[in-house]
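Undergrad: The structure follows.
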């Protein structure tokens, strides 16, 4: 058996969305599972809509997901000479012909067919027309599609699919301006690049019989095809921006880990028993096309958040820290003056579903604040809190070995000494140290904030209470 070779071939007319990312992942996994090769091809024949910005977005998304490619990126716009050479060869062999039909004729034909309830298709007027035309006249080139028989292919996901050749008209393969069309470029690329398995969305099923017929006319091998179902929103409608169908890089910006998004995407159609959590190594080992479901999958943001929370708390903190550093930088926080990011992840991981949420909630570890949260201060920085804060300040100041255990002992001994519950000490201390009413355990939080900064903030809270007393 020849080496398995797959490809991901996006059109750079927009960002890399989740559907495209899933297709890329499935193609990548199939090649990696079979120790084959994965090709990246940019199908940029739509010159009006293709942009460099979109190409960059595709590359950024692939790199962020760590879907590396063995060949490419190939660009179709750089291969026009090759496509036109193949078209000229087909003209010589009689597998293609020049069509001189005017736009007006084709539009009138279409209107007549639709009025008669027929499927619009080219009527073959120039297919066997003996009339001679000057090749310099404006014309397109059409593929001479077989008029009898059927195209049958065994879809690796859906099983046998059959199209009657009578349903397929003669496809334009070169436009009037001399540029080759999408369906023809795809065929030549898959042939030249020795693609063995084409894994793509179900919206390409109708292109497949046309492409197979062109491949056969060229004497080229026909690859295996696998068409994955679309992704729906949780309301059963086609996924769109209102469902959260944004670019892959938007998920990065929103604080998702690539491992979480990959795990989520692989399960949108593929399964292995009841298993939900898959490392990339497990995906590679277990992946197969016959385990992909034919039916559409529904996108569920809550499930993605659950997976992201799982990976935040189970991946090596050093790995998560690399991604968290970017989010903290986006918040304008200098993380050099505070706890190590690996320690921050251990502190906040259980409380945060995304890295963005973590970055937004960690500022007090690295920067002083000008004021306390109004509700938290009103509730906990009252005159009754002055004595607990003064006593715990003294005990914290006397610590020579700043550990979570010693911090906890200082808080506990303050409560014991004043004969009050831990909350009477811990809550005012939390608000004093963090500026807010919620945080991880007050002892580990204060330990991470550090001794000098904690003592300074307690003094700030005592001043706040004193001002409050004078105003009352």
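Using N, Cα and C of the backbone, Cβ positions are placed for all residues, glycine too.
Note that this is a predicted model, so its numbers are computed, not measured.
Below are the features listed in Swiss-Prot for this protein:
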- 99, 101, 126, 128: Zn(2+) binding site (BINDING)
- 241: ATP binding site (BINDING)
- 10-20: motif ''HIGH' region' (MOTIF)
- 238-242: motif ''KMSKS' region' (MOTIF)
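Could you give the neighbours, burial and distances for every feature on this list?
TA: A coil conformation is recorded for residue 101 (Zn(2+) binding site) in the three-state DSSP classification, outside any helix or strand.
Averaged over the motif ''HIGH' region' (10-20), the predicted model has a pLDDT of 91.
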Undergrad: So which of the binding-site residues is most packed in, judged by how many other Cβ atoms lie within 10 Å of its Cβ, out of 99, 101?
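TA: Going through 99, 101 one by one, the largest Cβ count within 10 Å is at 99.
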Undergrad: Kindly report the helix/strand/coil residue split of the motif ''HIGH' region' (10-20) according to DSSP, in that order.
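TA: Its residues fall into 3 helix, 1 strand, 7 coil.
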Undergrad: Output, ordered by sequence, the same-chain residues six or more apart from residue 128 (Zn(2+) binding site) with a CB under 8 Å from its CB, or 'none'.
TA: none
Undergrad: Does residue 126 (Zn(2+) binding site) have same-chain partners at least 6 apart in sequence with Cβ under 8 Å from its own Cβ, and which are they?
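TA: Residues satisfying the criterion: 97, 98, 99, 100, 101, 142.
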Undergrad: Within the same chain, and leaving aside 99, 101, 126, 128, name every residue whose CB is within 8 angstroms of the centroid of the CB atoms belonging to the recorded Zn(2+) site, in sequence order.
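TA: Filtered neighbour residues, in order: 97, 98, 100, 122, 124, 125, 127, 129, 142, 170.
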